[in-house]
Structure formats: C-alpha cells, structure tokens
Amino acid sequence: MKFRNLFFAAVAGSAVAAPLAKEQKKRDSVFQWIGANESGAEFGENNLPGVWGTDYIFPDVSAITTLIDKGMNIFRIQFKMERLVPDSMTGAYDEAYLQNLTTVVNAVTDAGVHAILDPHNYGRFNGEIMSTPSDFQTFWKNLAGQFQSNSLVIFDTNNEYHDMDQELVLNLNQAAIDGIREAGATEQYIFVEGNSYTGAWTWTDVNDNMKNLEDPQDKIVYQMHQYLDSDGSGTSETCVSGTIGQERVTSATQWLKDNKKVGIIGEFAGGNNDQCKTAVKGMLDYLAENTDVWKGALWWAAGPWWGDYMYSLEPPNGVAFTGMLDVLQAYLG
C-alpha cells in the first residue's frame with residue numbers, strides 16, 4: 001500500500017519496436033537487483049481511461065538514466081490494465097498507451113538493466129475483483145507476446161491483491177504464469193504477488209498456499225512489499241523503530257528458506273529522518289545477509305509527477321533522492 005498524489009512533468013519520448021534479447025549490464029552489488037518503482041502511468045485511477053498528460057504520465061527516461069548511473073539495475077514500471085485494454089481484459093490494445101509503455105521498457109532494457117511490467121490493479125479490473133483466471137491468462141499471454149524476445153523484461157502478475165479469496169489469488173497467479181509461458185516468453189522471470197497487499201510481515205499468515213505455484217522454467221520470484229510506518233501502509237514519514245525493517249521481513253525470510261523459494265522486496269520506503277534511515281538500512285542489511293533467498297529490493301518510488309511527495313526518488317529534487325540516496329548507495333552497483 002502507498003499514498004499517491006499527482007503532479008506534472010515531462011513525458012518519455014516516442015516508441016520503437018520491442019528489441020531482441022539484450023546484454024545485461026555488468027555491475028558489483030551484494031544484490032542481484034536493486035532499483036526503483038517508476039510511477040505515473042497508473043495515476044488518475046478514478047478517471048479511466050483518462051487523458052495522457054492530464055490524468056496520467058509516463059516515466060521520464062532521462063531521470064531513469066540518472067538512477068542507472070547511480071547504480072540501479074531494475075525498474076518496476078506501473079500501468080493500468082484498463083488503459084492498455086480498455087474494452088475487456090481479453091480485448092484489443094489502446095495502441096498509443098502500449099506504444100508509450102513500450103518506449104519506457106525499451107529505454108530501460110536498452111541500457112542493459114531489467115524492466116518490470118507492473119499492472120497496478122490490486123487484483124481488480126474496472127473496480128471489480130478479477131474472478132476469471134482464464135481471462136487473466138489470456139491478458140498475460142497477449143502482453144507477454146509483445147515482449148517475449150526481450151530477456152530483460154520481467155512480468156509482475158498484478159500489484160497488491162487484497163481482500164480476495166486466497167485460492168483465487170493463487171489461481172490468478174498461476175494463470176498469469178501459464179499465459180506468459182504459453183506466449184513463448186520462456187527466458188523471463190515472473191514476479192508473483194500475494195494477498196493482503198503482498199505484505200512481507202503478513203506473508204506467512206496469509207499467503208502460505210503461494211508455495212504451490214508452478215513454473216516449467218523455474219523462474220518465479222515472490223514479490224513482497226514492506227513499509228515501516230505503524231500500519232505498514234506507506235502513508236507516513238514515521239517509522240515505528242530503528243529495527244522495524246528487519247523485524248517485518250524475518251518471518252517471510254524463513255518461509256522462503258523453508259520452501260526453497262526466492263523473493264524480492266518490490267516496494268519499500270521510509271521517511272527522510274534518522275530513525276527511518278536506520279530502519280531502512282537495517283532491513284537492507286538483513287536482506288543482504290540472506291541473499292540465498294532475497295534477490296534485492298525496489299524503492300517506492302520515482303516518477304515525474306511526485307513533486308514534494310515524502311518518498312519521491314525522482315531526480316534531481318525528489319525528497320528521497322536528495323535525502324535517502326546516501327543510505328541506498330551502499331547497496332548499489
């Protein structure tokens with residue numbers, strides 16, 4: 001969970017055709033992946049489909065380049081399914097929206113780093129819980145087909161399922177996996193997410209059945225999110241304590257080990273203050289001590305419309321870019 005606010009800034013450039021498999025950029029970091037979410041194309045979710053440049057925006061490629069130069073090697077690119085396929089989950093694409101999304105993805109992978117496609121829909125489509133796994137499988141077969149030749153693309157099944165039947169969450173994730181592989185996208189990682197906003201601190205209580213997911217390519221990564229404020233929602237600059245980061249990922253770490261799985265913290269953040277800096281460092285240090293199961297983490301969030309949002313990692317003036325990057329720097333490549 002996280003708070004979202006809208007501000008205006010520049011957009012990414014025009015699209016080009018999806019590239020062939022890219023060479024991965026070489027780097028030196030304790031983690032396989034460390035990076036940021038790139039927010040904007042999911043904004044204005046109460047005004048769908050909305051107007052590009054008014055209700056939503058695409059990430060600024062030059063800002064992403066700055067973060068790559070700082071050592072980041074993975075970017076989770078948010079979008080709304082209703083804008084990509086406005087008629088139905090199995091329907092035709094809005095070609096302009098797809099083109100803009102593809103432009104950002106290509107810019108990231110052309111730099112030799114990973115781009116995550118994140119349908120930021122919370123397990124819903126047009127406000128209704130997605131209850132038909134076969135339609136979701138078709139959605140993912142179609143979308144993965146657009147990027148199946150690009151090995152640096154990662155498919156994130158859906159952002160933060162919540163308040164849903166647990167078996168349905170499992171089945172939707174499995175349907176996504178099946179659709180992606182059916183499309184011929186066999187080299188790419190798939191990030192799966194759980195119920196209860198995919199929280200690491202509630203994972204073992206809520207999402208134990210997710211261990212039953214199957215992928216013929218064995219490239220599933222369990223994506224969890226973790227914020228450090230009192231309710232774990234990511235809506236406050238305050239962190240509970242300097243140790244709360246490590247505390248909230250400990251049980252999930254053991255679950256990954258017990259079930260021989262690997263995971264990533266797909267969203268995390270803390271306020272620009274000493275206690276949160278200590279808590280963030282403590283969590284990342286703990287993840288770094290357990291890289292057999294934790295493959296990295298992504299900050300929430302960069303994006304051109306964040307303005308003075310408390311967690312903004314957008315160069316050059318984002319609150320976290322100027323105030324938290326020194327903490328993150330130790331883990332960057």
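Backbone N, Cα and C define each Cβ position, glycine as well.
The feature active site, proton donor is assigned by Swiss-Prot to GLU160, with similarity to another entry given as support. Summarising the annotation, Swiss-Prot assigns active site, nucleophile to GLU267. Swiss-Prot lists ASN37, ASN100 with the feature N-linked glycosylation site, giving sequence analysis as the kind of evidence. As annotated by Swiss-Prot, signal peptide applies to 1-17, with the evidence given as sequence analysis.
Cβ packing within 10 Å was compared across the active-site residues GLU160, GLU267, and the lowest neighbour count falls to GLU160. On a Cα basis, GLU160 (active site, proton donor) lies 24 Å away from ASN100 (N-linked glycosylation site). Neighbour count (other Cβ atoms within 10 Å of the Cβ, all protein chains): 24 for ASN100 (N-linked glycosylation site).
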